[in-house]
Amino acid sequence: MTHIALYPGSFDPITNGHIDVACRAARLFDELIVAIYEGDELHDKRALFSVEERRAMAEQALAGLAPNLRVDTYRGLTVNYARSVGAQVIVRGLRAVSDFEYEFKLAHMNRHMAPDVDVVCLMTSSQHSFVSSSLIKQVASLGGNVQGLVPDHVAEALARKFGAVVRE
């Protein structure tokens, strides 16, 4: 049996924390699909980057890191997409205790809707525990340096969006 896992998210934009979780999850499963949610509405916020931009940034960031990893996009309920691609597991990353309550509720709702799909949470590596896409966007929008927190091509895309210069 092939064990397929799904790592869903908005990835608006992808961060080094996301990449860390994806690489570690890819070692645990036969196949890992990094699934980017296509909707414009992301937790009551508009996406900064289009789904095409987010997919391109994720593909570039993850290229060559694991042979069993691929990037896709989806709409609708994550559990429905998981079933459609044959994924038995949804992978989630936890940065801090504050993430746990949300992920706990989400896991139980997913379990209610799809008892055949499990949720596995991976703790983010400590050097990425404070990094979130929202915080990255906020810092970048104010001209702050996000180098080392996101891949270089993502820092450059953020700088273009906000009309800033990438700081080394």
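Just so it is clear, glycine is given a Cβ too, placed from its N, Cα and C backbone atoms.
According to DSSP, Ser10 (ATP binding site) is assigned to coil rather than to any helix or strand. Annotated ATP binding site per TrEMBL: Ser10, Phe11, His18, Gly93, Leu94, Arg95, Glu103, His128, Ser129, Phe130, Val131, Ser132, Ser133, Ser134, in sequence order.
Just so you know, the Cβ of Ser10 (ATP binding site) picks up 21 other Cβ atoms within 10 Å once every protein chain is counted. The feature substrate binding site is assigned by TrEMBL to Ser10, Lys45, Thr78, Arg92.
The domain 'Cytidyltransferase-like' annotation in TrEMBL covers 6-138.
Sequence annotations record features per position, and here TrEMBL assigns site 'Transition state stabilizer' to His18. Here His18 (ATP binding site) comes close to Gly9, Phe11, Val34, Ala58, Ala61, Gly93: these same-chain residues lie at least six apart in sequence, with C-beta atoms under 8 angstroms from its C-beta.
Classification of His18 (ATP binding site) by DSSP places it within a helix. Contacts of Ser133 (ATP binding site) defined by a Cβ separation under 8 A and a same-chain sequence distance of 6+ are given as Ser10, Phe11, Asp12, Pro13, Ile14, Thr15, in order along the sequence. Cα of Ser129 (ATP binding site) to Cα of Arg92 (substrate binding site): a distance of 14 Å. For the binding-site residues Thr78, Ser129, the ranking by surrounding Cβ atoms (within 10 Å, all protein chains) places Thr78 first.
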